[in-house]
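*Asks:* As annotated by TrEMBL, domain 'ABC transmembrane type-1' applies to 101-301. Taken from TrEMBL, the feature transmembrane segment covers 31-54, 105-131, 143-160, 172-190, 237-258, 278-301.
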Amino acid sequence: MADTTTSREPAGLLARIAASDLWWNLKRSPLALIAGVLLVLIIAAAVLAPLLALQNPYDLSQLDLMNAELPPAWIDGGQWAFPLGTDSQGRDVYSAILYGSRASLIIGFSTVVLSLAIGVLVGLTAGYFGGWVDNVLMRVGDTLLSVPTILVAILVTAVFRELLPVALRETFTIVILICAISLTNWVQYARTVRASTLVERRKEYVAAAALIGVRPLRIMLGHILPNTLTPVMVTATLNLGLAILVEATLSFLGIGMPPTEPSLGTLIRVGNEFLFSGQWWVVVFPAAYLSLIVLAVNLLGDWLRDALNPKLN
């Protein structure tokens, strides 16, 4: 009986998804459906990079200078062993893109999770307690928003890189980038959750919970938070593309991921040096792949915003 129940659970979950309004709306939007499928394929390719890549582009023993600066396979002089060409070190561009996208996606998703956690906590606290607590938290957020995200990330990254010993800089680069980008991104979540909390806290179910002695933390997390998740989901989806772009910008400026553990931004920075020397493929393909990721995320975010908007439904 246990096996039968277990086997029915995935089928029941798939049935609920198929019957949901979101899935119905997604099927009605071919552009969003294509973007969703594309994003799933991109994430799967990044996870399976060691299996899909033709070489480990950062294993020096697999690089051969005799294969350096080869054009894409469909151009004269190219080889199908390197379908998107190679760089000046003989590194396969296709394999480098797969490995580079892993770092970009890890930083993007981790930034969204950290920003979401901070923003939800701050927004719930500010909206529920109000008064001076609300004023202090929101003024801190306003101060951070007054400075461009890129500038804050550059300053934080530069400070941490100087404070850490040289031996530890590359090890903690991803952590530093995630914290630096999250430093300003949480404010959008906080404002969204705060606005919803101000509405929810005036409702009878919140007053009833407080009256019977339920603690504020439980009221915020167990009662108010579930009713604020819809706009937060939209913000998180749209911010994923922003986080990936900010990381790529930092790496392009030389203060992001190191060449030993590159992201797509690092590949673009390295390839930019060869753009006007005829090796256009070294920078064009990583840049196009980065644009494809951000486009897919933004299209999915736009669809989610419209699908969850009750005024449009």
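Using N, Cα and C of the backbone, Cβ positions are placed for all residues, glycine too.
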*Asks:* I'm a bit unsure how to read this: which one of 31-54, 105-131, 172-190 has the highest number of Cβ pairs shorter than 8 Å with the transmembrane segment (143-160)?
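*Replies:* Between the stretches 31-54, 105-131, 172-190, 172-190 has the largest tally.
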*Asks:* Take the C-beta pairs under 8 A between the transmembrane segment (31-54) and each of 105-131, 172-190, 278-301. Which stretch has the highest count?
*Replies:* 278-301
